[in-house]
């Protein structure tokens, strides 16, 4: 063989073994040769993922097939993420609309002022946690569909997230399946998943109008004009910058260990209801932070990865600035409810709420309680700040770091723990469930 032929064969081997080609044109040449010589099925089943899809665990993939060590990390940390977010949400809810001056200094402390004193039952979660649980369950639905797909590159969890949030909307009084587009209703005689069957999940919450209106719009989508009810990055439903879509974004971290994909998926989880970059880009940051902490990467590494992904998006400046303010405040060793108010104000904007949560987590790296109570005692949106901080600290420190007194009366605690077990069963067992019952329960076929 000539040197050129040897070089070509080596490039061919590298392409099929590792997904490395010099450019997209070379990739298409290799695929075309394989298609002619070995058939379309070979290309479909063996084509490597596009460049840029290497997970930080070091393997090329679209969706992870986690190894034993990674599964052990997930099993240790996912319960802390879910329960920690719910605890933070429940602690923040009673003071969500209070100024710092009106929040007792000993609020939430042992033998201090308890949430129930402020006329909200201890442990009562908000719609933030309800929707987060539905988004987490949608990851199971999407993976069940992926396992039955001939081409995993074509499976994206957006459909399942949208369906799951429509199901949540039905728990708040909207009729099912009228919350779906007309083309889907005839096949949606039943709900999907198990959450919607839990009576306590149907507890009504004072959901903000932005979430309600955006989720109600989904029913207006048609096959000819899907954009009428779907919020996309190029055609958002609204221009909202609030934090109502932030709390659920971390639940997508289980889907992929590719930071670029996690960022876009987290941003999408927020975009469904909040169409301004300041409304959805913090969701991307939250997802990448959660993704790294889920696999026990250092918080600083997680922040670097999230900041890098954020910088690649148009309109990132406000969120980048909030992250920078959070890091600087923590670096100066002066994170208090007072300084959080000074830096972020009494804000309900997603970038500021994210900044409060990150600053609190950085300031108290070894104490779930100190971090979360710092986050909720500021004048902004205490519930979402508490949920985000609680999720991060639950991931970082694990389930055992959550004080028992916060868990004792936590609403939907056992439902959440059961859901986590199902996520682990789908994502972290050598042979995921393949029974008719599991498939009929989770496979979205509309």
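A Cβ is built for glycine as well, from the same backbone N, Cα and C atoms used for every other residue.
From a predicted model like this one, the values you see are computed outputs, not experimental measurements.
Listed by TrEMBL as binding Mg(2+) are 126, 127, 128; the candidate from 384, 391, 415 that the record includes in that site is 384. Mapped onto three states, the DSSP output places residue 126 (Mg(2+) binding site) in coil. Around residue 127 (Mg(2+) binding site), taking its Cβ as the centre, 24 other Cβ atoms fall within 10 Å, counting all chains. The highest number of surrounding Cβ atoms within 10 Å, among the binding-site residues 126, 384, is found at 384.
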